[in-house]
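Chemist: Pulled these features from Swiss-Prot for this protein:
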- 1-200: domain 'ABC transporter' (DOMAIN)
- 35, 36, 37, 38, 39, 40, 41, 42: ATP binding site (BINDING)
């Protein structure tokens with residue numbers, strides 16, 4: 001499987017964020033997208049996820065499911081945790097599993113993998129910032145998709161949480177997955193760097 005973007009141009013609010021940008025990643029490989037604030041790291045991920053319109057260029061996924069679009073084969077994990085405070089940990093994960101079209105199995109395993117199985121009954125409002133991030137990460141495991149597009153995925157995670165997530169990412173890559181992550185800090189896994197320039 002190969003994900004590629006060629007000659008990408010992004011315009012937001014009438015301002016050109018970047019142009020002529022090429023990006024590529026193959027099965028079993030990760031790309032760390034780096035650069036100053038405002039350079040377009042998040043915008044690139046959102047283009048790949050189909051959440052922003054491409055001003056110019058092309059995006060393709062070779063070797064994926066031909067009956068599904070790239071967004072249908074990708075997880076986009078934004079820098080904000082999309083959780084409902086009144087719902088329990090388990091209910092939040094169930095919501096995302098249903099929304100993303102996942103099966104009924106795997107939820108308990110996903111919570112255990114991120115260390116939240118013991119608080120599955122608690123409302124998300126009671127979680128710490130790190131626990132909220134781990135719950136967001138559980139979505140990646142509850143619904144299997146080959147491409148992970150991650151925006152500052154280790155934000156709010158402590159050292160233990162970062163190590164656990166590195167192991168999760170390593171497992172995803174070992175299974176033939178692809179990871180592109182916008183980050184200011186090391187991911188804890190082998191990754192090729194794609195640096196985007198631009199003013200902060």
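Every residue gets a Cβ built from N, Cα and C, even glycine.
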Chemist: By a simple count, how many Cβ atoms lie within 10 Å of the Cβ of residue 35 (ATP binding site), its own Cβ left out?
Modeler: 19
Chemist: Test of understanding: give the count of other CB atoms lying within 10 angstroms of the CB of residue 42 (ATP binding site).
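Modeler: Step by step: centre on the Cβ of residue 42 (ATP binding site), count other Cβ atoms within 10 Å, giving 20.
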Chemist: DSSP secondary structure for residue 42 (ATP binding site), reduced to helix/strand/coil, please.
Modeler: helix
Chemist: Whose Cβ, among the binding-site residues 36, 38, 40, has more other Cβ atoms within 10 Å than any of the rest?
Modeler: 40
